[in-house]
Structure formats: structure tokens, C-alpha cells
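A.B. asks: Starting off with a structure, shown below.
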Amino acid sequence: MLQSLNRSVRYLSTSIGSRLYCSNTNQTTKNNTNASGVNDNQQTHFGFKTVNKEDKESMVKDVFDSVSSSYDLMNDVMSMGIHRLWKDELINTLNPTPGSHLLDVAGGTGDISFRFLDKIKTSPNYFPNINKSNNGGGEVLKSSSLPSSATVFDINQSMLNEGKKRGLNKGYTDQSDPSIDWVQGNSEQLPFKDNTFNCYTVSFGIRNCTNIDQVLREAYRVLKPGGRFLCLEFSQVPNPLLRFAYDQYSFNVIPIMGQLISGDRDSYSYLVESIRKFPDQETFVQMIQDAGFKQVTYKNLTFGICSIHSGFKL
């Protein structure tokens, strides 16, 4: 059954892929520092619920503890496989080269980091380490290209554990070339020095953070001058008719899928609600600018169901 499902997902991804990209937009709008609509400084939203800020982190952790083992399959089912094309577009937009060091926040199971490392290896300027046999032993001839790495950062250890398994199957470790490592922590308090990374990505994760403004400030802090911030996130569909159809699917179908595949309807209901609470495209542009980033732009994918926001530390 799962093989048939995966074949269907791949077919839908291919057939719909030509309609993926809809618009590129540069926007500067009024600031909305409390996009959740919650006015109390001690409160925030958890889906459509209002909760204490100190409680949200553990509540989000519980959600991803519950869905970690089925997360990748659910992404395929919920998006009909299109999330793979969205993630490919994120990496194509970044276009990393050898010598790049990525911080992949909310990187969970490694989807973005693996694409990043694969892209590095296709660069004409990439030359891998070579194992040379020598009397039954072996020595490693170091690559002449600049070292590259990805650091997957996530608040949820269960998601990281799933990612590590996938990384080993792909041959990516902290000793591979290029390399990957896995760090658990809070994106509002990154355990990295200033000016450490060339690029920072966050994919379908920033909407789950308690203090998005602080997450953006931390992103700015750890990027090197000239570094790039990229965020792939579900957004707001501008067309009213399409938005209505999307809402019907999201609220009535996705939770049922969650129940059938992972046995957890409530977690997927939260994920749908969290999408609706996330700021619209133009408001998020202003939030990124307020964190210090320049040349902030976004482009909508698949009619605005999600968008890629970009900014530079200049």
C-alpha cells in the first residue's frame, strides 16, 4: 500500500510541478510585531488557542515527538509530493557553492540539509576526498575544494534522531565530505558565535516558534556579513476562491490523514491552525527587515500556499 502511495505521490509531483511558480514580489509594508493577534506580552498562540509563552515550547515539542516517525510520509501525502519541489526551489534559490556553511534551523529530518549537500557535490568547483590504497592500508587525499558543511538545528531530539538515520543511509556524517552535524536547541537562543554561517534556512518551522522576532534577530547575529537568510513557509493564499478550497482541504482532510497515517489527528489539526496564524507575505517581509536584513524579497509558490522569503546581512 505504501509503495502504491509513493508512486501516486511521485506522479502528482511531476504532473503538477509545471504549475509550481506563480509570482515574484518585492514588498515593504507596515510593521506588525504581533502577527498572532495576541496582545498580552506573556501570551501567544498555539494554533487557534491562546496559551502562556512559557508553555508553548513544550506543547510544540509534544506535537513533533508524536509525528516524527511519520513526518516525511505525511508531508508527501498532505502536499501530494509538491513539498519536494518547494524544497528544491529553496536550494536552487540559495545556489550554494563549495565553502558554504549552512545553519538549517528547524531542520528536523534533514530534507533541506541533504539537498544543500547534494547541490554542493554537483558544483563544478567541488572535488571530493579520495581514498588511496597503500599496501592494504589507506590514506585520504584531501579535497582541493573548500570544505562545506550543514548544521541541522532543531528543538526536537526525536526529529533529529530520524534525520541522523537518513543521513547515515545517504553517507553524510560529521566526518564526510561535505559534512553534517546535528544540534538540539532553541532557535531563540542559538549556541553559535556571531558571524559563523554563510547561509541560514528555516523550512516549515518558524511559524511554530514562540517569539519569531527573536528568531530572526538570532538568524542575523550568526550569519556572516554577506550571508543569506531564506525561509520556506506556508503562507496566505490571496485568491478568495482558491483560499476557500484550500481551507476546506486543510481543515477537513489533513487531520483525517493524520489520524489514518500517524494515529494523531490533534497534532495535524494544530499544524493546520498554525499556518493560518502565521503572518501574511508582506507582513513577514517587514519583520525580516526589522531584524536588520536588507534586500528582503519573497516569491509565492503554488498560488501562495507557501512562499520563500529572502534577505541578506549587509
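Glycine too: its Cβ is placed from the backbone N, Cα and C atoms.
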A.B. asks: In Swiss-Prot, the S-adenosyl-L-methionine site includes ASP154, ASN186, SER187, SER203. Which of THR93, THR97, THR109, THR122 does it also list there?
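C.D. replies: As annotated by Swiss-Prot, ASP154, ASN186, SER187, SER203 share the S-adenosyl-L-methionine site with THR109, chosen from THR93, THR97, THR109, THR122.
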A.B. asks: Specify the count of other C-beta atoms within 10 Å of the C-beta of SER203 (S-adenosyl-L-methionine binding site).
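C.D. replies: A 10 Å sphere around the Cβ of SER203 (S-adenosyl-L-methionine binding site) contains 25 other Cβ atoms.
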